[in-house]
Amino acid sequence: MGGSDFTMRGRHGDAFSTYKRTVLRDYVDFQKDGHLLNGASKDLGNPSWRRSLPHVLVAALSSFLFGYHLGVVNETLESISLDLGFSGNTMAEGLVVSTCLGGAFIGSLFSGWIADGVGRRRAFQLCALPMIIGALMSATTNDLWGMLLGRLFVGTGMGLGPPVAALYVAEVSPTSVRGAFGSLTQIATCLGLMGSLFIGIPAKEIASWWRVCFVVSIIPAVALAIFMQFCAESPHWLFKRGRAAEAETEFEKILGGVYVKSAMAELSKADRGDEVDTVKLSELLYGRYFRMIFIGSVLFALQQLSGINAVFYFSSSVFKNAGVPSDIANICVGISNLSGSVVAMILMDKLGRKVLLLGSFIGMAASLGIQVAAASSFASGSVSSYMSAAGMLLVVLAFSLGAGPVPGLLLSEIFPSRIRAKAMAFCMAVHWVINFFVGLLFLQLLEQLGPQVLYTIFATFCLIGAAFVKRNVVETKGKSLQEIEIALLPQE
């Protein structure tokens with residue numbers, strides 16, 4: 001097998017390198033005509049965003065599902081625990097929430113290998129499958145184990161979706177709108193969260209309504225699997241596989257015919273044809289890619305250590321103290337998350353990623369400062385509870401402006417195409433591990449340390465985040481993926 005594989009690869013390699021020489025020749029001629037790269041040229045202008053938007057929207061369905069399943073147990077947990085007979089067992093309730101995160105960790109670990117192995121489109125369809133099976137299992141179960149198994153399945157799909165969506169969106173978007181399109185996935189996650197909270201509202205009144213909440217999620221999952229069939233495959237992935245002619249066809253779909261030549265030339269420039277060999281884990285952990293992986297993992301770790309998910313998991317009780325009922329509280333959190341994400345989408349390609357990240361971390365630190373002040377003895381009862389509710393909404397707003405949408409987008413931009421999928425998978429796995437522990441330990445730490453100390457710790461992590469971004473993050477707005485890759489990679 002090895003030998004034949006090698007000769008196959010050899011022949012295939014020759015054909016491919018000949019192809020690349022022709023493309024590069026075209027590219028040189030193309031440059032002489034006064035064109036610039038990435039479809040953006042003096043005469044051509046930027047490719048229209050309208051062509052790639054439908055593809056991006058279908059990919060965003062996976063993020064919508066992700067948000068939906070994160071929030072679906074929020075309103076329904078009480079009635080689930082009553083119906084399945086584990087009411088009052090906090091361990092079991094915690095497991096219903098966190099099994100999902102465990103599944104997501106597994107899903108994200110394998111996402112890179114799946115996205116590289118079967119392509120981005122098939123990876124989306126594979127991510128929809130466990131979500132459909134898992135949601136059905138959770139909806140029809142009569143005991144805790146069925147629920148946990150269903151949540152585990154759904155979690156696997158949740159782990160697989162976001163890294164693949166980040167890759168796909170970065171690879172099919174025109175440079176001029178890549179930031180805005182990248183923020184669409186964040187907006188879809190917010191809409192999913194809000195959708196699950198809205199659908200969950202009747203759960204307290206109507207018996208077994210929670211089963212409906214799980215069944216409903218099957219609709220977007222089926223839609224994702226079906227519509228993906230008609231979407232473009234990532235030209236970057238096809239080119240990496242040596243399927244250059246197909247890559248051209250896909251570029252035509254997403255950019256338009258006039259831009260194909262320049263986009264292909266761009267690809268050939270960065271890809272040196274060594275793409276077929278596999279990426280070993282050791283290469284990610286030490287070697288020339290280490291610094292990028294390090295930046296990526298630390299960004300995701302700091303995103304979680306800023307305490308944002310603790311804020312999400314915990315918002316209703318803070319609002320309860322301020323006398324706000326939980327459904328209104330959830331809507332307020334959802335609206336501030338959504339509005340921040342929309343603003344981030346508008347600013348992403350204007351201000352750039354770095355500015356948003358810096359502002360976001362500093363804003364979160366300041367809002368957590370309000371929470372600390374609210375918890376201190378200076379503030380009286382009602383003032384303190386209002387301050388703490390306002391602080392919480394500001395934390396969510398600041399988060400959704402930068403620390404939420406930027407890391408996923410930025411990483412899919414700074415990783416070279418050779419390691420992009422696997423590096424994303426690795427960093428997302430780090431994110432899930434920390435998310436899992438924050439969720440697990442938050443309530444215990446809150447009891448032992450009290451809110452003041454805990455919020456101070458979170459705020460400190462936000463300030464560390466701002467300093468880290470200032471030192472290590474490069475600005476990527478307006479640059480094509482190939483330009484970023486050539487600029488960042490230490491040449492061998």
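Just so it is clear, glycine is given a Cβ too, placed from its N, Cα and C backbone atoms.
Annotated in TrEMBL:
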TRANSMEM  52-71  transmembrane segment
DOMAIN    55-477  domain 'Major facilitator superfamily (MFS) profile'
TRANSMEM  91-111  transmembrane segment
TRANSMEM  148-169  transmembrane segment
TRANSMEM  181-203  transmembrane segment
TRANSMEM  209-231  transmembrane segment
TRANSMEM  289-316  transmembrane segment
TRANSMEM  355-374  transmembrane segment
TRANSMEM  386-411  transmembrane segment
TRANSMEM  423-446  transmembrane segment
TRANSMEM  452-469  transmembrane segment
Tally Cβ pairs under 8 Å between the transmembrane segment (423-446) and each listed stretch (91-111, 209-231, 289-316), then give the stretch with the top tally.
-> 289-316
Looking at 52-71, 91-111, 181-203, 386-411, 452-469, which one has the highest count of Cβ pairs under 8 angstroms to the transmembrane segment (289-316)?
-> 386-411
Within the same chain, the residues 6 or more beyond the ends of the transmembrane segment (452-469) and with Cβ under 8 Å of it are 298-299, 302-303, 305-307, 310, 354, 357-358, 361-362, 364-365, 368-369, 371-372, 375-376, 403, 442, 445-446
Determine which residues of the chain contact the transmembrane segment (386-411) at the Cβ level, with the cut-off under 8 Å and only residues 6 or more beyond its ends counted.
-> 162-163, 166, 169-170, 178-179, 182-183, 185-186, 190, 296, 299-300, 302-303, 306-308, 311-312, 315, 318-319, 321-322, 324, 329, 332-333, 336-341, 343-345, 347-348, 353, 356-361, 363-364, 366-371, 373-375, 379, 423-424, 427, 451, 465, 473, 476
What residues in the same chain, six or more past the boundaries of the transmembrane segment (52-71), come closer than 8 Å to it by Cβ-Cβ distance?
-> 100, 124, 127-128, 131, 135, 154-155, 157-158, 161-162, 164-165, 168-169, 172-174, 181, 184-197, 200, 217, 220-221, 223-224, 227-228, 231-232, 253-255
Give, as a single whole number between 0 and 100, the mean pLDDT over the domain 'Major facilitator superfamily (MFS) profile' (55-477).
-> 87
